[in-house]
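Among the features that TrEMBL reports, domain 'GP-PDE' is placed at 355-677. Residues or ranges marked as repeat 'ANK' by TrEMBL: 59-91, 93-125.
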């Protein structure tokens, strides 16, 4: 590098001007190349030779932009010390170095750029700022850092966005939330994804042994091959993919229909891209998976939460191992439900109207410190127009209302699917009013016989009650729920008490004008193993979903209902099995990082919801409060926008979201939020 610079630096050519121009061109290209490849020493040499630090490539990308794009923090510092202009945008999308660093999630690079006064309010060709890009891709710590530096006011920005959205959307937005799906009631759907959906796994989806792909003349020797995917015994077509894979296939699954999924065989074939003499491609290798064998490794009504499988590819010529394919799949079996008219979604949300309030876990999650009167969560008490309730199955497959995956009332961390219905209801007996009024010789299950429609009078606490509560708290204080929250919801001494309830009992007890967000509680793998410390298996997804839908269908009515789940598989099943009720995908928007790719951020969640024609998203509120423009972006994609989280119980968070046009607010402090929204409407 030094010799090249010295060569151009000597005056040994008659045409010195031409040589200087040539040096400038070469040095610019060398600097851009060195930055891309992170050759720090070369960058130092070039910068010391007075190269143009603000040169750019054909797309307008400067060295600083490229360093920010690839996260090369030392080179970013070097370029800034040599007076690189910090806000030069590239010419395609008008992205600055700060925007691309936020988009890629390079927090240290963003910190360096902010210290050098990068323009945080720069708007790209889509009207987005760095905060919008960071929030959209789930880089929440970055978003918080940017929001502290930003000069714009979220309240004012949210109000302006709401006004622009309402004006621009008139007459062109789809009817959001009205299910637009078709269901197959006679055939099963086999949904296959190529590669792992677990972000912690880095193994390539398709692996071919080196001996097969060695070719010194090709940079990507895999390009000599293609992958074919098909299911035996189905009319669905065979799909072909050219290797190597160049795009993210997370939300590009293949869907096959089959009348007998128990006999379905998934076939992966490797073809040579060189045509044979008869014009066809040569079949090099094949692998076959008998799908039923993967699902029957456990009890017939249990399945593993790990859905990634690897199948070997064997040579057609020698039957030797030549590679492997990683895939995941979910099977949706047909379900016949009553054919009834569509529900009135106006009871769930307003088009361009005020935000609807939904009580989390009923009338709000039980939390400490108790600054307000709190009704017991997971019970039948109600007093509001919309409720959010979580439904899961007991060991004997009774749908019950309970939020957490672990039932800590047992004193140990017991999954709901390990408790029978009677055992679950008996856990509530020690705190129930029936215990106080029951005679010693009364049957232990008498507490279950009280009609759910009769509201039990809340009795005054006695010394005996307090002693019982102390015993109860001593039993639960070592559970995961108690240690994570610092309290136990549903305790009689702390909260207004009411008995546990079945899903059917809840539907019978609530007036028909009370709308419901029914969350289907089904864990993702990392959620079960990392967060709740559970075993990596659960009730089989089809049976789980069918049981809850059939219970809902038994109580079919005009009640406005929407279905939601944080499990991508459950959302797929809900979308394929029914079209009566809207389906919402829950996404933590980057606040929590599961290994499930589709749940990592708003970008992945929105792509997933669009792929399966879902009707809305339930998002953590923090990214939308920090970047309220994203609310309009979600709604422009035809999605209803619902949010949850701590900021939904804070006045500023509620006001920003309401101004930005959030459709549904899931809250704990129902009264406070309702008063805030009423005040906004009256202005």
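Each residue, glycine too, has its Cβ placed from N, Cα and C.
Mean model confidence of the domain 'GP-PDE' (355-677) amounts to 82 (pLDDT, 0 to 100 scale). Non-local neighbours of the repeat 'ANK' (59-91) in the same chain are 31-32, 35-36, 38, 40, 43-44, 47, 53, 97-101, 104, 106, 108-109, 112-113, 116-119, 122, 124; each lies 6+ residues outside the stretch with a CB under 8 Å from one of its CB atoms. In the repeat 'ANK' (93-125), helix, strand and coil residues by DSSP number 17 helix, 0 strand, 16 coil.
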